[in-house]
Each structure stands twice: as structure tokens, then as C-alpha cells.
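Features of the protein shown, as given by Swiss-Prot:
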type	residues	note
ACT_SITE	Glu204	active site, proton donor
ACT_SITE	Lys336	active site, proton acceptor
BINDING	Gln162, Lys336, Arg365, Ser366, Lys387	(2R)-2-phosphoglycerate binding site
BINDING	Asp241, Glu284, Asp311	Mg(2+) binding site
Amino acid sequence: MHIHKIQAREILDSRGNPTIEADVILTTGIIGRASVPSGASTGSREACELRDNDPKRYAGKGVQKAVKHVNNEINQALQGLSVEDQENLDRILCQLDNTENKSHLGANAILATSLACARARALSLNQPLYITLNQGDMMTMPVPMMNILNGGAHADNNVDIQEFMIMPIGAPDFPVALQMGTEIFHVLKSVLKKQGLNTAVGDEGGFAPNIQSNRQALDLLSEAIEKAGFRLGEDIVFALDVAASELFNEGFYHMYSENQKFDSHQLIEYYANLISSYPIVSIEDGLDEKDWSGWKQLTTHLGNKVQLVGDDLFVTNPKILREGIAQGIANAILIKVNQIGTLSETRQAIKLAYDNGYRCVMSHRSGETEDTFIADLAVASGCGQIKTGSLCRTDRTAKYNQLLRINELASLPYAGKNILKR
């Protein structure tokens, strides 16, 4: 299981922007391949995504520099090493980069290599990836957070909240959960059409109509759920990704579609009112990533009622998560492998969360590829929840389809309503 060669190439993501794909070729001829996603609303403390900044190619978004780093320094450093020791490989990658945010080699170059090594190991062992990724956690099939109505930075519309998600917690298993979500998605399209609303989709495959308010979005989802024959609050519950850092300006949170602005306390009250009106069980990035005093208030007021997920807040970084845990900030973390840049550091963040009673939600990015690594990692880590977009666009459904394959192989329990237990 030793590395013969590592080579990378520039490919396109789901937004038509360049990203990097790496092949780890073993001495046996086995090839492990992985590609890296890219975010639109990003946390300021994410690991550095290295771009070329050459205006003559891809409007500056090329990744040839990152590709060269893989083909040269990274290839030379890892040649001859075993893929059996993931932590050692990732440690060498971090030492080779030698920056706090992986800005020398690029987190995209490092991550593509890290994930490709893990995939090469699974292929060498002739085992499914989710099996070789498991480190003793109880594996479950995750509840999907299906982003079927998009706003914010993920859509070209006037909706403030970035993601309105449905969670089929009442399903008996993952295939039925996927079926439920898909049926609601198609009914929602007809509901929008009937009201003369746009049925074009955003980056993550959800519909992106211009509507009057965030409450109207939840009302539209409620109507679609009921018309599809499901019970709101029993079969299906809601989750929100506010991406509040995108709404924060000069000390206030601006809900432009509703012509309102809030300070932290007022926005917390706004959420409390929504929670009392709709079966919302999870709010992600409810406040700005730097508004830690506000986050403390939010956690104190609503942390015993809903899951409060830190995305931009924690950026899958164990060091930052540790600070949040110490201060009682949030009660869950979003896991995005490209925010931190290696598989090992991602695992560290997951373990730290579990050890301190925080939940984990596995997540894609808005600029995705056909790579399904996160589906296997969600199952392997037993996190119980996954965000991978809506029920259309192959970059999203690829992850759902991989989860169907895993479910068929493993007959694992579906997390379902267990995610609500505190």
C-alpha cells in the first residue's frame, strides 16, 4: 500500500469554476482519486483555497498553482510512503505547507491528496470506503437536510435566509427518507408554479423564487409537505441555514426582503418567534461568526430548544471549536472537509465535538463535484445528519445515490428522530 506517484489536474465544479482533482497511484497500480469542492458563503478563518489570480484564465479562478504543488512538492514528499497511516500523511502535508491556514500549498491541493490517499487505502483493502473510514463510532444512515428552497449567496433572488431545509425524521429508513423528500420537492414545484413563482433552481438545486418574507418560504414548504401527504412536525421538520455573516453590516443584521434590521438580541427574538410558529429543529450560523457575545445569548436562550450549528463560526477547526466549547457557544458543528484541509483534522473536529456533547452535521459546499467522499464519511462517523443539497443536479444527487448504495450493503439503522434527543 505504498505510494508510487501523485498527480493532479484542473477540473470544473458544479458552478463551472476550476477546482482540483488528485490521483494517488500505488505501487500495485491501484488509483485513489478525489476532488475538492468550493464554497460561496465562506468563513473568514477557513483554510486557504489557492487560486491563480490570473485574469487571463477563468477570470482568475484557475488552480494551476495548486495542481503544480501536488505534482511537485507533495508528490516528492509522499512517494514511497504507506497509505495505511493517514495521520502521518496528513502531518507531512501540513509540515510541508508550514502555514497556519495552508496558504502555501493551498488547502485544495492538500485536501485532494489527503482524501485520495484514504480512497486508495480502501481500494487496496478491497473494502467500501465507509468501512475503512470508521474509527469505532456507531455507524448510522444520516437524516438528510434537504435544501429545497434557496436564498442568500446561493441564489439570485431576494430571499435573505440562505437555506430552507426539510428533514424527513419520520421515515423508517434512508431510502424512504429520500423518497419523501423527493416527492415534496416535486410538489413544491407545482405549488410555486400555481402561485406564479419562479421554479429555477439555485446552486444547490433548491428553488429560488422571489418571495415576500422568510415566513412565506416556510409557508410554501408547509403547503408542499401537506399536499404531498406528510405530517409537518411528525414526518418532516425544518432546518435553516441563515448564513448571518452575509446579513451583518455595521452592527446590524439586515433582512432586506422584509425591510427590517436587528441587533443580536432582536434577531434571537425573531428566531424564537419562528420556532414557536414552525417545527424548526436546527438553525445554522444564526449570528455573525465574530459575534461571540451574541452567540452566547443565542445558545442560552434557544440551545435547549433547537440545534444551533456553527459553520462560519467554527470552520471545522478543532482549535476554534475548543474555544467555543469553553465559552458555551452553539451546540453543534458543521463538518466541511475543505474548511480545514485534511481528513485527519476533520476527524479531530468530529471527535472533539462528540467528546463534549456537540452534534456534527456532515456538509457539502455550494460548488460541488461528483465526488461522494462525504457520504461515506457521514456514515463512518455516525454523525446522523448530512447536508448535500436538494433533490436535483447530479452534483447533489450523487451523494444521495451513494448513501443508497451504502444502505443496501450495510443495513444500518436510520438516525431518524434520534437526532432530536438531547
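The backbone N, Cα and C atoms fix where each Cβ goes, glycine too.
Recorded features from Swiss-Prot, shown on the structure.
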residue: Gln162; record: (2R)-2-phosphoglycerate binding site; Cβ neighbours (10 Å): 27
residue: Glu204; record: active site, proton donor; Cβ neighbours (10 Å): 30
residue: Asp241; record: Mg(2+) binding site; Cβ neighbours (10 Å): 28
residue: Glu284; record: Mg(2+) binding site; Cβ neighbours (10 Å): 28
residue: Asp311; record: Mg(2+) binding site; Cβ neighbours (10 Å): 29
residue: Lys336; record: active site, proton acceptor; Cβ neighbours (10 Å): 25
residue: Arg365; record: (2R)-2-phosphoglycerate binding site; Cβ neighbours (10 Å): 28
residue: Ser366; record: (2R)-2-phosphoglycerate binding site; Cβ neighbours (10 Å): 26
residue: Lys387; record: (2R)-2-phosphoglycerate binding site; Cβ neighbours (10 Å): 29
Cα-Cα distance linking Asp311 (Mg(2+) binding site) and Glu204 (active site, proton donor), given in Å to the nearest integer: 17
Cα-nearest neighbour of Asp311 (Mg(2+) binding site) within the listed recorded positions, Gln162, Lys336, Ser366: Lys336
Proximal residue to Arg365 ((2R)-2-phosphoglycerate binding site) among recorded positions Asp241, Glu284, Lys336 (C-alpha distance): Lys336
Other same-chain residues whose Cβ falls within 8 Å of the Cβ centroid of Asp241, Glu284, Asp311, the recorded Mg(2+) site, in sequence order: Gln162, Glu163, Leu240, Val242, Ala243, Ile283, Asp285, Val309, Asp312, Leu334, Ser363, Lys387
Listed recorded positions Gln162, Lys336, Ser366, filtered to Cα within 10 Å of Asp241 (Mg(2+) binding site): Gln162
